[in-house]
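**Student:** What TrEMBL shows for this protein is this:
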{"type": "TRANSMEM", "residues": "25-44", "note": "transmembrane segment"}
{"type": "DOMAIN", "residues": "90-169", "note": "domain 'Cytochrome c'"}
{"type": "REGION", "residues": "171-200", "note": "region 'Disordered'"}
{"type": "COMPBIAS", "residues": "171-183", "note": "compositional bias 'Basic and acidic residues'"}
Ligand code: HEC
């Protein structure tokens, strides 16, 4: 309890002051929150992959989307489907999350290439047609330098990440790795929308 009767021994023009210090528990909370703040900051904002609110949100979104796979049914890894989904903004975003979760360690955060080739230029090593992206993602390439994802990703995820990879073409991200392989003909045009589609 604070002592409300203890007056400080000064008086300014007759104005006097009680000595009511902040309670000890309050001061300790204050000190403790300051001591805790660098830990919090480093954990959530220090740049570690997967911890920022944005990353956590993306993961939650991807979880939610998996539930919505029920609505789009089983996607076929063919050219028509990949091109169609590479033009659906919401689903490209889902493909992007799959890419950010699984592929950036080798292909770079924006597909600019690291160990793996640059996916944002016009040159490809194994890809001739757009559906080859899904084949390479499914089965891998280069004696496992590019891993096979068929046992690790849902077939729809393979189609959606392929659609995202297809959408990266021509972005020529700054600081990207030099071209691998040869230049290939453009992807086919997007087919007209068959009907109203479910979106996440
Ligand atoms: C362990 C590193 C690694 C990971 C993870 C990885 N890749 Fe690759 N990827 C490679 C390498 C290396 C190559 C090139 C192989 C070669 O040159 O023989 C490659 C090639 C490719 C190609 C063919 C590019 C071309 O020019 O023909 C595509 C498409 C691709 N990866 C997509 C993906 C996707 C999508 C993911 C995530 C699901 C992924 N990769 C994850 C290393 C990786």
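Each Cβ is built from the backbone N, Cα and C atoms, and glycine gets one as well.
Could you place the listed features in the three-dimensional structure?
**Tutor:** Applying DSSP to the compositional bias 'Basic and acidic residues' (171-183) sorts its residues as follows: 0 helix, 2 strand, 11 coil.
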**Student:** What are the DSSP helix, strand and coil residue counts for the domain 'Cytochrome c' (90-169)?
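**Tutor:** Breakdown, helix to coil: 40 helix, 4 strand, 36 coil.
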